[in-house]
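Q: Have a look at the structure that comes next, please.
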Amino acid sequence: MAPSAKPILHQQENLLPRRQLIIVVLTLGAVLFVVNMDANGISTMLPTMAADLNGEKTINWAGSSSLIATTVFTVLYGRFSDIFGRTALFVSALVVFAAADLCCGFAVDPPMLYAFRAVTGASGGGVGNLAMIVASDIVPLRQRGRYQGIAGSFMALGNVAGPFIGAAFAARSSWRGFFWLLSPLGLACAALAACLLPSTRPTESFWTNITKIDGLGSLTSTITIICFMIPITGGGSYYEWNSPMVISMLAISGVSFLAFLFVEWKVASLPIIPLSIFRTRDMCALLAQTFTLGWVNQSNLYFLPLYYQNLRGWSSFASAALLLPIIGVQIIVSALAGRTMTKRGHYGGVIRFGSVFLFIGSCVEIVFDGSTNPVAIVFILLLVGIGIGAANQPMVVAMQAKTKKSERAVVTSCRNFFRFFGAACGLAVSSAVLQSSLKAELSLEYQKLASSVYSLVSLDHNDRAIIAPAYAKAIRYVFITNAAVATVCILCCLAWRDNGYDSRPKDHDEEGGRSEAQSTARDAGAEPNTNEELVAKLETAPKPEPVPEPKSSENSEKRLR
């Protein structure tokens, strides 16, 4: 069974003049700030939310449901934006995000909260994904590192602000106020995006575009991800690993994954993830490295607050403050990494630099225990933050430099999927490591706390003193796991080559009928950004001198007569 002819996609690249470009990039940055504040702000509110909703045993699903939904929809947004247009999808996702956050604030029980957190993850993850795709449409490849670095700084700023604002609401008011703050911010961002982003409305009708969707691929990918991530997220804490539910869901996921591969290979005319992306060793290595970055980053963001509050007994404000070194430094490093890439024309150096720092910092984190000096914690986390900041956003540019323009959106989505998938696997494996270690170390009287880590904050001083050694040992195993994954990140650096920006594969007829030479010139910034600039350039261009007629033309005519 061969796929039918590939549907034609409308041109969405629109390189902007500098002034308009800065405005649009700042708008995208504001959106990324709000979305990342939502994603990481709940980390310091989880104990309070658990106590308020009586959900100590299941409160992890507030983060897990959002992460699963983000991972599922990240795969779909890239190709959907190719079909329906970036701006319309971007604004729609922001409106859904704002509505879901509003509903989170009105949740009356844990299942209601988890359901709306899933909607928030599906829409917020799409917004973050589309922001990177839009940035690649409006910025030439050679300049993309600089602006991706700026976007990364806004993401890190949201990651910094989120825990502090969440902790403030949890301590001084109510955790519900955090979500009620984010809802109007999301609507404001949607209004800005609708007004300022370039129009990318498709030329064909809505129903014609519906027929372009890879329905079978979307269905099989969704089933694969959900049936895989629910067991690994809840296995060991909510479900036994050998339970019929876990085994059945993993089996369904495996069968669905095989069906997905077949559909993308033989059936889909416009696959949501073209398998050609995985044909080169460079792309496979970069995606694997993205997976490891997502793993280590999310594991730190989740388990460091647990270490601070459960083992050290520090407040939610102190926990947020001690997340600042690992997140705050990314604001500076991400911007510097982008400028370095633009100046040198290569991305390999900054990615490898970041991977080395991530490896060193993750290895030194193993020394954390119940008496580690806070100053030492700050310096160690600075190493991890420098590593993540230097490697994270440059990976986007590296992958875009190794793929065709027609595959740019799906490659960006694929990169984000591997990042979120790595984050989900990191949370699942680290949680399993923590719980199994606690069960092995704690007496029968306290073993129930292994599956309800947020109950530890409510224990009295004597009970906490009894549990502290077991918890210190368990959290150390989590950091050892992160160090092993960071080692894989280093090894991945050896598997890909940095050929610069000029080695990007070209489409046969690049986007809208431009020749390969025109597209290359445009990437380099040689082509004018607007029609007015083009007219001005033609008017100021030197006019060719007229070619004089040969003097012998009359004589030649006479001879012919």
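Cβ atoms are placed via backbone N, Cα and C, with glycine included.
Grabbed the feature section from TrEMBL, which reads as follows:
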- 21-39: transmembrane segment (TRANSMEM)
- 22-501: domain 'Major facilitator superfamily (MFS) profile' (DOMAIN)
- 59-77: transmembrane segment (TRANSMEM)
- 89-108: transmembrane segment (TRANSMEM)
- 114-135: transmembrane segment (TRANSMEM)
- 147-171: transmembrane segment (TRANSMEM)
- 177-197: transmembrane segment (TRANSMEM)
- 218-239: transmembrane segment (TRANSMEM)
- 284-308: transmembrane segment (TRANSMEM)
- 314-337: transmembrane segment (TRANSMEM)
- 349-368: transmembrane segment (TRANSMEM)
- 374-396: transmembrane segment (TRANSMEM)
- 474-496: transmembrane segment (TRANSMEM)
- 503-561: region 'Disordered' (REGION)
- 503-514: compositional bias 'Basic and acidic residues' (COMPBIAS)
- 534-561: compositional bias 'Basic and acidic residues' (COMPBIAS)
Q: Give the nonlocal contacts of the transmembrane segment (314-337) in its own chain as ranges (CB under 8 Å, at least six residues past its ends).
A: 40, 43-45, 47-48, 145, 149-150, 152-153, 155-157, 159-160, 163-164, 166-168, 170-171, 300-301, 304-305, 308, 350, 354, 374, 377-379, 381-382, 384-386, 388-390, 392-394
Q: If contact means at least 3 Cβ pairs within less than 8 Å, sequence distance 6 or more, would you call the transmembrane segment (218-239) and the transmembrane segment (374-396) in contact?
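A: Contact absent: fewer than 3 Cβ pairs fall under 8 Å.
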Q: Considering only Cβ pairs within less than 8 angstroms, which of the stretches 59-77, 89-108, 374-396 has the most against the transmembrane segment (21-39)?
A: 89-108
Q: Can you name the far-off residues of the same chain, 6+ from the ends of the transmembrane segment (349-368), with a Cβ under 8 Å from a Cβ of it?
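A: That would be 289, 293, 296, 300, 307, 333, 337, 340-341, 376-377, 380-392, 394-395, 398, 475-476, 479-480, 482-483, 485-487, 489-490, 492-493, 498.
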Q: When you check the transmembrane segment (147-171) against the transmembrane segment (374-396), do you get at least 3 Cβ pairs under 8 Å, counting only pairs 6 or more apart in sequence?
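A: These two segments touch.
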Q: Test of understanding: applying the rule of at least three C-beta pairs under 8 Å (pairs 6 or more apart in sequence), is the transmembrane segment (284-308) touching the transmembrane segment (474-496)?
A: yes
Q: Averaging the per-residue pLDDT over the domain 'Major facilitator superfamily (MFS) profile' (22-501), what integer do you get?
A: 87
